[in-house]
């Protein structure tokens, strides 16, 4: 019988991974969602929804544009670091990472996606069901790397961060005619909640037990929505904010239902509405100055390719701003929001 030996370098990598896993209360952060948590997956698919160019990432370690729709790190990155894991969660499709990197954290999120498959179709990004397929593939690779028992423990003990939903309304329902012709806004919310339930049950069946499930923020206060608010120009669009409150209420009821029905599951509903409303309306309390416009360009409508390095109007200090581009928060805002939720997460999941 042939005897197989692990090379010292491979053995060292595995041992380092195991020590990291053993030393953390949560062994890994596993992320699903949209641009609020996409750490670069869209760099590796054919889509216009990318942020892998300057000035994106200018405050990221090394000043690299990683594909994060931010000047620096995302809330999921800060949560990973707060749990004693690595300071950034790598994108699953990034070939510069491998399963040893993903053993303590992995991101399947895709900027521009939503609960609704038709939302992903708008910009040709990864639909939520495909994120789940990548998760299955990841589980198989993790088992091959660490063995089934140890991999299953990581899957069971990891914290799952889910952040998605805004695009379904702003990119799809209120922009394109198809869903509006099929659903009233109340019916569409119910449709999305049904998809959310199927998704959460799917990852539960795949082993997920600890989840931070994020609602949607006051999307009427995004700079892009302020500038297009015809009823009250440059003010928060109240109808969109009211919708966010309504939708978050439906998501909260879903979380209550699943926590009651699914054995062993614990879902924390991370409702970002109140903290983001507080930051937007009272930025000075958080060491910020400007919330009505963004850092990039004019701060009113630029995001993605419109937020290019040649735009002379881009601010010099993003730490003064709530928003980085017309749709996404700055690194500083992401850190504030992450810190806010971590106070609850650290007591729930350990």
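Including glycine, each Cβ sits where the backbone N, Cα and C put it.
Note that the coordinates shown come from a computational prediction; the quantities given were computed from them, not determined experimentally.
Taken verbatim from Swiss-Prot:
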{"type": "SIGNAL", "residues": "1-24", "note": "signal peptide"}
{"type": "ACT_SITE", "residues": "35", "note": "active site, nucleophile"}
{"type": "CARBOHYD", "residues": "98", "note": "N-linked glycosylation site"}
{"type": "CARBOHYD", "residues": "117", "note": "N-linked glycosylation site"}
{"type": "CARBOHYD", "residues": "141", "note": "N-linked glycosylation site"}
{"type": "ACT_SITE", "residues": "325", "note": "active site"}
{"type": "ACT_SITE", "residues": "328", "note": "active site"}
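Each of the recorded positions 117, 325, 328 was scored by the other Cβ atoms within 10 Å of its Cβ; the lowest score goes to 117. For residue 117 (N-linked glycosylation site) paired with residue 35 (active site, nucleophile), the C-alpha to C-alpha distance reads 16 Å. Listed in sequence order, the recorded positions from 98, 141, 325, 328 having a Cα within 10 Å of the Cα of residue 35 (active site, nucleophile) are 328.
Around residue 141 (N-linked glycosylation site), the same-chain residues six or more apart in sequence whose CB sits under 8 Å from its CB are 99, 102, listed in sequence order. Within 10 Å of its Cβ, the residue among the recorded positions 35, 98 with the fewest other Cβ atoms is 98.
Annotated pair residue 98 (N-linked glycosylation site) and residue 325 (active site), C-alpha to C-alpha distance, rounded: 31 Å. For the recorded site, residue 328 (active site), the DSSP three-state label reads coil.
Under the three-state DSSP scheme, residue 35 (active site, nucleophile) falls in the coil class.
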